[in-house]
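Student: In case it's useful when we look at the structure, here is the feature table from TrEMBL:
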- C212: active site, glycyl thioester intermediate (ACT_SITE)
- 127-274: domain 'UBC core' (DOMAIN)
- 277-320: domain 'UBA' (DOMAIN)
- 12-39: transmembrane segment (TRANSMEM)
Amino acid sequence: MRRLQHSFPSLLLLLKVVVVVVSVVVAVVAAAAVTMMTLMMTMQPMIRRSSTTTSSYGWFSSVNSNRLATAAFTAARNNNKYTIAGAPESVYDTPRLVQSPRVRGGLVVVRSPRVRGLVGGGVGTIHAARRIQKELKELENDTSLGIQVTTVSDSLSSLEGTFSGPQGTVYENGTFIVSIDIPERYPFEPPKVKFKTKVWHPNISSKTGVICLDILKDQWSPTLTIKTTILSIQALMSCPVPEDPQDAIVAKQYMSNNRAWQRTAALWTEFHAMAAEKRSRINGMLRDLNEMGFRSDRSLEALEKANWNLKAAIDFLVNSTLDAASGVI
């Protein structure tokens, strides 16, 4: 019993030493953990920036000969920011490496969720670019419709469509051109389509070429395509809707004097949408004016100003000749 009483202080001292040692170890480990976390947070931006540099040189070799991916990588590498989308808004807005949807085994640099300027500019996502390329390929393979769509300046966001006027209408035998601008959210937003060829139609602006068509507005659906859009425009040319006009002057003529509208629309088609040698009626009017002593260039100008009315064109030419003779400007 006495021996146990003598050894108890020694055990108590040993226990205190163990507690102190454990406390020191825990404090050291905690301090090391805090230091490591601080160091990682400090170096994170540097790691992000260095990852873009690594991607710019190290990942391009893994891309195959796919034209879309190659062009995207070239654009990303050349702008010195290593991002297809252009300059980041901040040093933290860095691109990321993702598996290319079109290149198996390859990697592309993109900024999520949108890629501005992809292959020429405008198309905002890889999905949109793939969709447009697929549609262009289908149109290229389908020659039965007489519809051609090409890129403008190799840009998938700016297209140009060419098609024939509907048979049995005043637009027959005409070749019409429309501009097609693809928005970044295509196909979830409709393309912006306008006529580049002048058209005399109630639902098409005779000045700007803007088209009043529901599928180009609130009735658009992602299931629609460039091909179905052009087919819908052809259908609109065949069946005007003057009650919902884009051009009020044309719509008024269509409803009040349809015969005059048909004549004007046919002459507009002949002049704006046909080759010069096919303009039979216009060429006939030009011959009549030439026989009266008026030059071809002035006669053509007068006919266009008179909306292809021969009598009005003659009046314009005679009056302008008399004004010139009398010194009136």
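Every residue gets a Cβ built from N, Cα and C, even glycine.
What TrEMBL says about a protein is an automatic prediction, not a curated fact.
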Student: The residue listed as 'active site, glycyl thioester intermediate' has how many other Cβ neighbours within 10 Å of its own Cβ?
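Tutor: Other Cβ atoms within 10 Å of the residue listed as 'active site, glycyl thioester intermediate': 18.
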Student: Within the domain 'UBC core' (127-274), count helix residues (DSSP H, G, I), strand residues (E, B) and coil residues, in that order.
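Tutor: Result for the domain 'UBC core' (127-274), in helix, strand, coil order: 56 helix, 30 strand, 62 coil.
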Student: Could you tell me the mean pLDDT the prediction assigns to the domain 'UBC core' (127-274)?
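Tutor: That region's mean pLDDT is 96.
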Student: Could you give me the DSSP helix, strand and coil counts for the domain 'UBA' (277-320)?
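Tutor: Going through the domain 'UBA' (277-320) residue by residue, I get 35 helix, 0 strand, 9 coil.
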Student: Any residues 6+ beyond the ends of the domain 'UBA' (277-320) with a Cβ under 8 Å from its own?
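Tutor: Distant contacts of the domain 'UBA' (277-320): 173, 263-264, 266-268, 270-271.
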